[in-house]
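Working notes, structure below.
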Amino acid sequence: MFYLLDIIGTMAFAMSGALTAMNKKMDPFGVLIIAFVTSVGGGTLRDVMIGRTPVGWMRDLNYVYAILIGFTIALIFRKKLDRFRTSLFLFDTIGLGVFTLIGLQKGINIHLNPVICIALGTMTACFGGVIRDILCNDIPVIFRKEIYATICIAGGIVFFGLKELHLDNDLLYLITSLVIIVIRLMAVKFRWTLKPVEKG
Amino acid sequence: MFYLLDIIGTMAFAMSGALTAMNKKMDPFGVLIIAFVTSVGGGTLRDVMIGRTPVGWMRDLNYVYAILIGFTIALIFRKKLDRFRTSLFLFDTIGLGVFTLIGLQKGINIHLNPVICIALGTMTACFGGVIRDILCNDIPVIFRKEIYATICIAGGIVFFGLKELHLDNDLLYLITSLVIIVIRLMAVKFRWTLKPVEKG
Amino acid sequence: MFYLLDIIGTMAFAMSGALTAMNKKMDPFGVLIIAFVTSVGGGTLRDVMIGRTPVGWMRDLNYVYAILIGFTIALIFRKKLDRFRTSLFLFDTIGLGVFTLIGLQKGINIHLNPVICIALGTMTACFGGVIRDILCNDIPVIFRKEIYATICIAGGIVFFGLKELHLDNDLLYLITSLVIIVIRLMAVKFRWTLKPVEKG
């Protein structure tokens, strides 16, 4: 079940990456690469930094297939995707929750400090988008106003708070994902953004 | 022989990187670094992702010397290099073929899936240029129209196709390199480019 | 003592990163990430390339705390930091010396060639700034005129020159740091910069 959500999240991230690349007038290869890094870039960065190599997507081809499918759908339906904006956004949000949890868990697996685990969760969920923006020659959107990353950090804190209560692992995962997903939905609905730091 | 071609390719990539950096009005240190990442950036990324550390150029100084020589030649003859454009382009194309094969082989060595091996070959040959463009604050040229990467992928498919025929390894290498080199030459001669995806 | 200087350098780099990010009108999360990569980005890149994983800051939380403190100070005193410009610059320069030495030593520890060790020292001290500039969508300042990196290379050469004399390790460290720090101070005082390579 969790694995399935992971694959759905990967596909959603690939589609959103492909759409960004098409807006930048990239060629099909560029679109494919941006789809790729958007969906697995964060996890790749995490794996490389903790020494889990070959990195994830090289060991499980399902991620590669999910990206190729997401890329193909985005390419074929590029003119009609606006109609499915809500579904896309929902899958993307599921990805955010699931990716954060996977990053947290990978840190826990090798006994890293909770602070580092939260950093790994945030990196997994958000840094694919950072690499995408760099490749598209933009300042990463999550550094400017998106509260994306802040939600992942909040989710990580909730996770370790609940962990202290010795909850069942499945329940722990479920609640944390829901917290991330709900905050994300509320953030978009109520237009929560971070303001730039005023230096003046 | 293959090793020699690898070193020649490294030098050619370093020269082309140095020329790009000089066009961006960088200082000598900047030019050196861009030469460096253009030639070994792709292989470094590959090594880091498959856990082959310390990465290649740290273990064999000949790559470093090849880059330093390429950098020095580009610096000294910067005003006359236009006259040698054809030779430079030829060496660069040899590099493309050789680097793709090296990437493929590194993946095979650790028993990765052919799809991943082709990704590694393409990464080895093309992502030095991607890092160069990012450091120069451009959208990577291979994401916009260059069919560079597509040729590497085609070469990889040919490689695994021929491998099924149980060809001799040397022959396999030779044919794949030639396929890549010939397509590249034809691509330039007939101005094959990829068109941006129209989102309209 | 050396460890203390390392922590002070980390904090100084974090503060300078935070200031750059605030000038780019980033939000607090963006400012934090830029502070983070400016201070530990170079060491992280080095660790990943030599296979020393999980990377440094994941194993010793003091670096993370130093960054958080530097970030917080920069955020609170952002309007008054100009007054402390000289102290900040001094700490930053100490960081430059210490980080170069740490990079050199990590290379020596795994018996890499002196040329590679000098590259690692330079990478440790300078590439946090490179990643910062890329994330801020600028061409890295050390590629354009700053002699920052050249000083690290010079320091590395002095280090290996003195090492031949079989100096005591502490003395070796002290002299190399002082060389780097003094050249850096002189470079700023006398406005030494590198000129772009003229291609015309």
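Glycine is treated like the rest: Cβ placed from N, Cα and C.
Taken from TrEMBL as is:
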type     : residues  : note
DOMAIN   : A:4-78    : domain 'Glycine transporter'
TRANSMEM : A:6-22    : transmembrane segment
TRANSMEM : A:29-49   : transmembrane segment
TRANSMEM : A:61-77   : transmembrane segment
TRANSMEM : A:84-104  : transmembrane segment
DOMAIN   : A:90-163  : domain 'Glycine transporter'
TRANSMEM : A:110-135 : transmembrane segment
TRANSMEM : A:147-165 : transmembrane segment
TRANSMEM : A:171-190 : transmembrane segment
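A contact links the transmembrane segment (A:171-190) to the transmembrane segment (A:84-104), because at least 3 Cβ pairs that are 6 or more residues apart lie under 8 A. Only residues 6 or more beyond the boundaries of the transmembrane segment (A:84-104), in the same chain, are considered here, and those with a CB under 8 A from a CB of the stretch are 2, 5-6, 8-13, 15-16, 39, 42-43, 46, 77, 117-118, 120-125, 148, 151-152, 155-156, 159, 173, 176-178, 180-181, 184-185, 188. Using a Cβ-Cβ cut-off under 8 Å and counting only residues 6 or more beyond its ends in the same chain, the transmembrane segment (A:61-77) has close neighbours at 7-8, 10-15, 18-19, 22, 28, 31-32, 35-36, 39-40, 84. Across the residues of the domain 'Glycine transporter' (A:90-163), the predicted structure has a mean pLDDT of 92.
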